[in-house]
Amino acid sequence: MSRIKTDICVIGGGSGGLSVAAGAVQMGARVVLIEGHKMGGDCLNYGCVPSKALLSQAKAVKARGDTPRAEDFRAAMAHVKSTIATIEPHDSVERFEGLGVQVIQGFARFTGPDTVTVGDVTISARRFVVATGSRAFIPPIKGLEDVPYMTNETLFTQADCPGHLLVIGAGPIGLEMAQAHKRLGARVTVIEGAAALGRDDPEAAAVVLEHLRSEGIEIVEQAQVEQVSGRAGAIEVQVKGGTIFVGTHLLVAVGRAPNVEKLDLDKAGIRHTRAGITVDARLRSTNRRVHAIGDVAGQGQFTHLAGYHAGVVIRSVVLGLPAKARHDHIPHVTFTDPELAHIGLSEADARKRYGGALSVHKVGYDQIDRAQAEGQTTGFIKLMAVRGRPVGVTIVGAQAGEVIAPYALAMANSLKLGAIAGTVLPYPTLAEIGKRAAGAYFSPKLFDSINVKRFVGMVQRWLP
Ligand SMILES: Cc1cc2nc3c(=O)[nH]c(=O)nc-3n(C[C@H](O)[C@H](O)[C@H](O)COP(=O)(O)OP(=O)(O)OC[C@H]3O[C@@H](n4cnc5c(N)ncnc54)[C@H](O)[C@@H]3O)c2cc1C
Ligand SMILES: NC(=O)c1ccc[n+]([C@@H]2O[C@H](COP(=O)([O-])OP(=O)(O)OC[C@H]3O[C@@H](n4cnc5c(N)ncnc54)[C@H](O)[C@@H]3O)[C@@H](O)[C@H]2O)c1
């Protein structure tokens, strides 16, 4: 048994853990990083990177306009592999060892409040950061364990395009992958127990769903899956009420489960629930020496959130500052075509919280010259504003994930809408839609005000 003493021990080498390790070591701390499987975690290997690479290939095939061919799917999967391979060195053991991090490969488990073991190595540290991420949640559906099914961990290893892909769950994973597979030549049926994109603005979700259906994807809502049967190539999914959907392949995308089982959290007095490790505003667990970040902290499941958490925890464990995380300024984007981006409060939540003080401003993509020029007039921005500040923004339409950036800046830095309305943007760009929405907040105050009209009348009489 060998022993290592260090300042910071990071468990999990994905989006969150790698950011903590790189930041902490470069600022002078001694860092041990433990990764049980693949450096880069879900995002690089089974999540954001492969899914966006597949979507980009599917978009190119769709743009070509003819019937997808078998080679298209193979070429798309080859692109997925090569994209991962290109990014991989950035997250590699070699790069991190080069930065001065001691990387240990194996699954870590706590053996006490300030020790973990990996194989025959025991590590004691001043602070621990748990960044073990999440995996696909497998629901207790009758028969599921007896049929071949895919999750995000196996989806990107397919050799050939499925004939008819059945997807359980119409969240971001289910719908992004439904569109990618449809555009690459599969028939696709998405089976959703409640409302598709149920966590998003219903008006914006409706725009995405209408478009996906127009491309030929079958999306069945309010259809809770109760039983699955069959075999490879002939899978049957039965929903509440008895309807049966038949397909060749099955993807399960019904949410995520935090990776806590292997950690022996009880040995270190770290409380957790089904959502993940319980943390306070400083991302500290119930063991003050141990922080949790990213998916396993149960505050949301996005790479940029894990990266943000890493920054907060670095201030805490490296610099000893009482840094707190906030979550009201974290955007999220579903990368379907059209994209759906959101930040802050939904319209419904903003109405509940602010009542009459809230104003809502909606501008269509069809009012934006660049959108007209590109023929991308589907969608809108919806701005929720209170006393001159944005409290929530939803955008559905072309490049919504890029277009929302000024609002992410504004909400992270408590900027007023005047900052957006007063910014000069290049013409013609899709980003103008955000400025137009801010302008819509000021228009009635400026153009419908009797006081403004009186004042202008006076000025005009006095002006020489
Ligand atoms: C299909 C899909 C698409 C996605 N698309 C997007 C997107 O477009 N944008 C976005 O922001 N987010 C997206 N996400 C979510 C994103 O991947 C996660 O939010 C992000 O990876 C979380 O980072 P993390 O550091 O918390 O965990 P991870 O990146 O998963 O890293 C956790 C690491 O910990 C390791 N580990 C686990 N247990 C132990 C242990 N006991 N000891 C040692 N190591 C351990 C794991 O092997 C893993 O490498 C997507 C997810 C999926 C599944
Ligand atoms: N673009 C992105 O940023 C992106 C992309 C993919 C994933 N992610 C992250 O990963 C998380 C998980 O995504 P997800 O799509 O797996 O989960 P999700 O929780 O967002 O959606 C799962 C859906 O499955 C449905 N469902 C659950 N059980 C069912 C059953 N028995 N029958 C039918 N439907 C059922 C739910 O009602 C829900 O609508 C996301 O919330 C997000 O944080 C992000």
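Note that Cβ sites are derived from N, Cα and C of the backbone, with glycine treated the same way.
Here TrEMBL flags 7-308 as domain 'FAD/NAD(P)-binding'.
As annotated by TrEMBL, disulfide bond applies to Cys43-Cys48. A sphere of 10 angstroms centred on the C-beta of Cys48 (disulfide bond) encloses 17 other C-beta atoms. Secondary structure from DSSP puts Cys48 (disulfide bond) in a helix.
The annotation FAD binding site is assigned in TrEMBL to Lys52, Thr132, Gly133, Ser134, Asp295. Summarising the environment of Lys52 (FAD binding site), the number of other Cβ atoms within 10 Å of its Cβ, over all protein chains shown, is 14.
A coil conformation is recorded for Gly171 (NAD(+) binding site) in the three-state DSSP classification, outside any helix or strand. Marked as NAD(+) binding site by TrEMBL: Gly169, Ala170, Gly171, Pro172, Ile173, Gly174, Leu175, Glu176, Glu192, Gly255.
When averaged over the domain 'Pyridine nucleotide-disulphide oxidoreductase dimerisation' (330-437), pLDDT in the model lands at 98. Marked as domain 'Pyridine nucleotide-disulphide oxidoreductase dimerisation' by TrEMBL: 330-437.
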Task = Other than Gly169, Ala170, Gly171, Pro172, Ile173, Gly174, Leu175, Glu176, Glu192, Gly255, which residues of the same chain sit close to NAD(+)? List them in sequence order, counting a residue when its Cβ is within 8 Å of the Cβ centroid of the site.
result = Val167, Met177, Ala178, Val190, Ala196, Leu197, Ala253, Val254
Key: Cβ under 6 Å from ligand 1: qualifying binding-site residues of Gly171, Ile173, Leu175, Glu192   = Ile173
Ask   = In terms of DSSP three-state secondary structure, what is the assignment for Asp295 (FAD binding site)?
value = helix
Task = Measure from each Cβ of the binding-site residues Lys52, Ser134, Gly171 to the atoms of ligand 2 and list the residues where some distance is under 6 Å.
result = Gly171
Task = List the Cα distance (Å, whole number) between Ser134 (FAD binding site) and Glu192 (NAD(+) binding site).
result = 21
